[in-house]
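J.: The structure's right below; bear with me while I get my questions together.
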Amino acid sequence: MLFGWDIGSIGGIIVMEAFKAEYNITPKIAATLNSNIVSTLQGGCFFGSLIAYYIADKWGRRPSLLLAAGVTCLGVTIQCATKGHLDGLYVGRLVAGFGVGAASMLTPLYVSENAPRAIRGGLTGLYQLFIATGVMLSFWVNYGCYRNFKPKTTNTSTWLVPLALQAIPALCLFVGVFFCNESPRWLAKTDNWEKATEVLSRITNLPRDHPYVQMELDEMRVQLDNERRLIGGASFWDLQREMWTIKGNRNRALISIGLMVCQQMTGTNAINYYAPLIFRNLGIVGTDTGLFATGIYGVVKMVTCAAFLLFAADSLGRRRSLLWTSIAQGSAMFVIGFYIRFKPPVQGEPIPGVGYFALACIFLFAAFFQFGWGPCCWIIVSEIPTARLRAMNVALAAATQWLFNFVVAQAVPHMMETVGEHGYGTYFIFGSFCFSMFFYVWFLIPETKGLSLERMDDIFGVTEMAKAVAVGDAEHGRRPKEKTAHTEVIENTASPRLQEQTRDREVQI
């Protein structure tokens, strides 16, 4: 919600007359200043998501989330205290960006490491649902403040209240984290197996010696053993070497980067940030009416995301969802582009029937995005990495998302003014990206539905590589540094019960 609230609120704030008067934003410089105001937060988010990786791996997921919430509150406070000074507004948004970017990386990471595999897709996808919820709430807060604070052209409360309320999700996060446990997989990674067992028992509501709990712990040990066998060290450069020199890990990193680039190039945040401007170009007249339309757009995003998580996330699967929504999103964008190109709205005249269909396509686009590229990208990038590289991989994905988020936020106001009349070419560009993403998914993205986090190594070939290294060690008389369940199974010295459990898991998966 932290992420979504800012996305939704700033687009409505920058079109309010009182805000433009406070910061002396004239029509001549509006496009440049609006893109700067919006994209400054994305710059902070880019660096915040990268910094959060180190903190999350060093001190744990919970302390990192607390820090992210606190930094965001500080940034919002600075924004509200600027009193017409653009430099102060930029600084406040940059600081808030550090917190929002960190939270955007930490939240899906934390959820995926705690969630049982059967419902991991739905629970991780809740991240996207709350982004959509934050967008929706901020749209309606903008609309309510603009409607009720008079006079609209001079009352600073019309924009200051929505700006200040961005702190609410951060405060909720700060308080909520105190009631959460640390990630069991981070505890296992730091060799705190006793605490990891306790946490895993608590979140599954099963006894510590239950077969399911022991199976999860065994798989964590196996994966960590595989990773240490391949590289050994755990320094930053060791992990970089592990990510980029081992083919399976490198493929996972590139998939994560590619998914986040594609997610932003759908154009979703172009609509989120500049919805009032886009609705105006489609013929919706008046700030009041435009903000109302954005509110409806937010409701559509939230409802469709909830429907996906309830009925499709762990049944339809990730890959299939991405495939069909690529085509659907591209089609919606092209319909909007063709309408603006061949039947552009005329000020003072009623919107034609085809115009209403184009408006409907904006809402359909939102629905299609929430059924695929919204939640599925975050689900995949948080579940495919290995245990040692998960924080780094998710940080890399989040940083990529924010980098291209920044690019879109900077480019769209200028595209709306220069790429064809009323910016019709903007929709063709984003629509073309959507169609091309179908082929990216078809050839490169595997299905991960129903697999444990540790079983992702099998898909990307890391398990077989580790076994080959183990066999090579045995042939040359080299003994592993420590015996684990995985080593015992390879060498056929494990207990019959452990070997049977391992075979059963392979059959089940």
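One is the number of the first residue shown, and numbering goes on along the chain from there.
The backbone N, Cα and C atoms fix where each Cβ goes, and this holds for glycine too.
Per TrEMBL, the feature compositional bias 'Basic and acidic residues' maps to 473-489, 500-509. Annotated compositional bias 'Polar residues' per TrEMBL: 490-499, in sequence order. For 1-449, the entry in TrEMBL reads domain 'Major facilitator superfamily (MFS) profile'. If you look up TrEMBL, you'll see 473-509 marked as region 'Disordered'. According to TrEMBL, the feature transmembrane segment maps to 37-56, 65-84, 90-111, 123-143, 163-180, 253-275, 295-313, 322-342, 354-381, 393-412, 424-445.
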J.: Would you mind listing the long-range same-chain contacts of the transmembrane segment (354-381), meaning Cβ under 8 Å and 6+ residues beyond its ends?
T.: 108, 112, 120-121, 124-125, 127-129, 131-132, 255-256, 259-260, 262-263, 266-268, 271, 278-279, 282-284, 293, 296-297, 300-301, 304-305, 307-309, 312-313, 318, 321-326, 328-329, 332-333, 335-336, 339-340, 343, 345, 393-394, 397, 437, 445, 448
J.: Taking a Cβ cut-off under 8 Å, which residues six or more beyond the ends of the transmembrane segment (123-143) line up next to it in the same chain?
T.: 1-9, 12-13, 16, 107-108, 111-112, 115, 161-162, 165-166, 169, 272, 275, 288, 291-292, 294-295, 297-299, 301-302, 305-306, 308-309, 313, 370, 374-376, 378-379, 382-383
J.: I'm a bit unsure how to read this: which one of 37-56, 295-313, 322-342, 393-412 has the highest number of Cβ pairs shorter than 8 Å with the transmembrane segment (253-275)?
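T.: Between the stretches 37-56, 295-313, 322-342, 393-412, 393-412 has the largest tally.
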J.: Answer yes if the transmembrane segment (424-445) and the transmembrane segment (37-56) have at least three CB pairs under 8 Å among residue pairs 6 or more apart in sequence, and no otherwise.
T.: no
J.: Need a quick answer: max count of Cβ pairs under 8 Å to the transmembrane segment (90-111), which of 37-56, 65-84, 295-313, 322-342 is it?
T.: 37-56
J.: Note the mean pLDDT of the domain 'Major facilitator superfamily (MFS) profile' (1-449), expressed as a whole number.
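T.: Averaged over the domain 'Major facilitator superfamily (MFS) profile' (1-449), the predicted model reaches a pLDDT of 85.
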